[in-house]
């Protein structure tokens, strides 16, 4: 019998997940289908119970349900619980189990372009919202020991740091101070929506004095190269946009559901084509 997978969110029509996962199923000759389900906030509980009753094998969760979904699951992975958000659900032995592959997917994406272990790197996170939280906790879980957080509201950066139980040396910074100290970091990660289309002229941090070999990663993929990435590229940095994070988090969810490892490069090229690259 064909296995059913999907993604729930509102809006959902723009999602690239169905294209990516259905291509992977076809490429691996798997009898499965991935569908996008429009689910409004007021019927989330009913939708989750319905998906469970239908025997869905697993599904992704996107905006605005990543936090609210946690109330309707049977179990939640410890890392997802610490992050406070779920983006992947596995239906196993009659239970819906919630995970967060956003942060781990980002860490895997970052490792794919780093010639050295991330554990040895000094990292600066820009932003202290949900995406930053997932990435911060996942980097800490991966053994990174030095992660500073810069945010427009410094108190929010302090709250993020204080919530982590792992042994990490972290300092909360203003964006102004981070701008001055940018040359002391090995990796800079931009996790906010600043610079996203259509406000492409904006940047949270003016890149001006990076050290050689710095990696600058932005979770935005529209545009492919944000202002911060363009400036970093001019400084000779290794740059990475949000496509890698999107693909790696999706590939990890695919692996959790099926036990099969999809072709990452195939997924990435498909997403780039769909985005018009």
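For all residues, glycine too, the Cβ spot is worked out from N, Cα and C.
Positions annotated as shikimate binding site by Swiss-Prot, on the basis of sequence analysis: 15, 16, 17, 62, 87, 102, 221. For residue 16 (shikimate binding site), the number of other Cβ atoms no farther than 10 Å from its own Cβ, over all displayed protein chains, is 19. DSSP gives residue 16 (shikimate binding site) a coil state; it is part of no helix or strand.
If you look up Swiss-Prot, you'll see 66 marked as active site, proton acceptor, on the strength of sequence analysis. All chains included, 22 other C-beta atoms sit within 10 angstroms of the C-beta of residue 66 (active site, proton acceptor).
What Swiss-Prot records for 127, 128, 129, 130, 131, 151, 152, 153, 154, 155, 156, 219, 242 is NADP(+) binding site. The secondary structure of residue 127 (NADP(+) binding site), as reduced to three states from DSSP, is coil rather than helix or strand. In sequence order, 149, 150, 151, 190, 191, 192, 204 constitute the residues six or more apart from residue 127 (NADP(+) binding site) in its chain with CB-CB distances below 8 Å.
Here residue 129 (NADP(+) binding site) is positioned 15 angstrom away from residue 87 (shikimate binding site), judged by their C-alpha atoms. With respect to their backbone Cα atoms, residue 242 (NADP(+) binding site) and residue 62 (shikimate binding site) stand 16 Å from each other.
Among the binding-site residues listed here, namely 129, 131, 154, 131 has its C-alpha nearest to that of residue 17 (shikimate binding site). Neighbour counts of Cβ atoms within 10 Å were compared across the binding-site residues 62, 87; the minimum falls on 62. Cα of residue 66 (active site, proton acceptor) to Cα of residue 129 (NADP(+) binding site): a span of 13 Å.
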